[in-house]
Structure formats: C-alpha cells, structure tokens
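Let me begin by presenting the structure, written as structure tokens, before commenting on it.
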Amino acid sequence: MTYRLLIGRLGEFGSTVMLECSTGFYLGVGHRTLRCLANGTWEGSDDPALCKIISCGELPTPPFGTKLGTLTTFGATAIFMCNHGYTLVGSHVRECGADGLWSGAETKCLAGHCDSPDPIVNGHISGDGSSYRDTVVYQCMLGYRLIGTSVRICQQDHRWSGTTPVCVPITCGHPGNPANGRTNGSEFNLNDVVNFTCNKGYILSGNARAQCRLNGQWSNPLPVCKGHFCLHPKICFLFRNLHQLGRENKSCFVIVIDNYIMNITNHQKFVLLSVFIHLLLMHYVLGFL
C-alpha cells in the first residue's frame, strides 16, 4: 500500500493523504483518506481501507475440453485444451489482468468442421457430411479417369485431407504403326477407333481395327503385315503383276530353289507358270512338298 499526498506537507497538522494500492490490487471497505490531527494522530486510521488483490472470476471449462489452472486472481493463467476430434476456438492461454478481466477470447471446443470440398471438373462428389472424420468421394464422368486421391477426410484442423483430384480424359495413346503398314486415325480417347492398313505388296494378318477401352488399352493388338510369299519356303516364284503367286520384284522374275537363284527372262514366263502349277498340284494333291 502507498500514500499519495493531497493537502499540505506530509506529517504536518492538517495534511491529508489518500491510500493507494499497487497494480493488481484495489482498496476495500474503509477510510481511503487520512488527515493529520492536532493531537498527532491520523483521522481514519482506526478503520483504513485495505488493499485486496483483484480477481477476474472463475473461467468455465469448455465442453469437450480441459482447463489447467485454478487461480482466478491478478496474474493467474488458465490453459485450455480440447479432446481428440475437437478443435479449440478462441484463446489457448488466458491471463487475469489488472482490470479484472481475462485476456483473450472465450475458449470453445468445437467438433472438427470443414468447408465444402473443392468441386471437380468433369466429375462429381459423393457425400455431404462436413464434420470431423466425415468423408467425401470424388468420381469422374464416363470417358474420364481420376488423377489423385478419390477419398478425402475432414480433419481436426478443419481441413480436408489430401488435395483435390482432377479428371482427365481416358486416352489410349497412339497405338503405333504396324511394320510395313500404317495406322489411320487421329483421335485416341475412349471409344475412338483406328484402322490398320498394309503397304502395297503386304497382306494384313490380325484385326484391321481397334477401339480405345475404359482401361486405357486398345481392344486389339497391332496386326502384322506379311509379304506375299509362296506356300513353300524352298520354292518361291516372284511375279511383277501376279502378287497372289509371289512377292513383287521391281527388276526381274526370280525363282528360288534351295537357295539357288537364277534370272528368268520374259519369254520363259510360260514355262515358269507351268512349273509353278505343277508344283502346286504336287503340294495340295500329293503332299510332296
């Protein structure tokens, strides 16, 4: 407790002082001013006001939380924590001030609550809950596939887990070109179709078309373009215009018998055809070759 001089000189007859308290205290009931009397005593000293510590009152413990600290007077502190699954809103620590008020804001423990999840283009969201541990599921429209995590969970910090996924078109990519052939088509997304053709002098073996499927794969593998070879590998006739009989050669007609090659002139074509027909008959009828 301190004194503040109001009138006169301290200790002289007629001087008056006022009682004051230190920070965090206040004057209670009693005389707050004292006056020096002629007999050398202070008037009011028999019942002076006393300094009492300031109290801020009891802080309640928030539902679904706990409070550490029981004192309520000047300088006291209270620490708050929330139960698992609840988020603290307000002040985590509050202190009793000289004005008799607790610092900070009222403390509450709220169940985790998230804002609406981010929308997804070319898709939709299943699940409408937004409280702690609620989940939403992202799905893409037909023809699109999802990149990222499809399930997100509302967390204690009011945020959805993970990041927003995206829906991208399902594409199979270019299937490539068959050897000695080509692929016709410029779109390679879901349900798109490509056609395969072979170069001149080659026959397509396999499927002539393929369609892009939901799994991002083509419905059929690349076909094979085979050259027009004769039936038996040891005897092969090659004609310029008769591709069904042999493989085309731009310079001459060639017959291959046991790796022996000889050139044949145009006037020998009739003889060559006769031999070829004879060999075919032997192959199919007698099974000779």
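For all residues, glycine too, the Cβ spot is worked out from N, Cα and C.
Caution: TrEMBL annotation is automatic and unverified by curators.
For 1-53 (among others), the entry in TrEMBL reads domain 'Sushi'. Mean per-residue pLDDT, taken over the domain 'Sushi' (1-53), amounts to 80.
According to TrEMBL, the domain 'Sushi' annotation covers 54-111 (among others).
Look at TrEMBL and you will find Cys82-Cys109 (among others) tagged as disulfide bond. Other Cβ atoms within 10 Å of the Cβ of Cys109 (disulfide bond) number 20 in total over all chains.
Here TrEMBL flags 112-169 (among others) as domain 'Sushi'.
Around Cys140 (disulfide bond), the same-chain residues at least 6 positions away in sequence with a Cβ under 8 Å from its Cβ are Ile120, Asn122, Gly123, Leu146, Cys167. According to TrEMBL, the feature disulfide bond maps to Cys140-Cys167 (among others).
Annotated domain 'Sushi' per TrEMBL: 170-227 (among others), in sequence order.
Annotation source TrEMBL lists disulfide bond at Cys198-Cys225 (among others). The 10 Å shell around the Cβ of Cys225 (disulfide bond) contains 21 further Cβ atoms across the protein chains shown.
According to TrEMBL, the transmembrane segment annotation covers 270-286.
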- prompt: Does DSSP put Cys140 (disulfide bond) in a helix, in a strand, or in coil?
  reply: strand
Cys225 (disulfide bond) and Cys109 (disulfide bond), Cα-Cα, nearest whole angstrom: 73
Field: Nearest-integer angstrom distance between the alpha carbons (Cα) of Cys225 (disulfide bond) and Cys82 (disulfide bond)
entry: 72
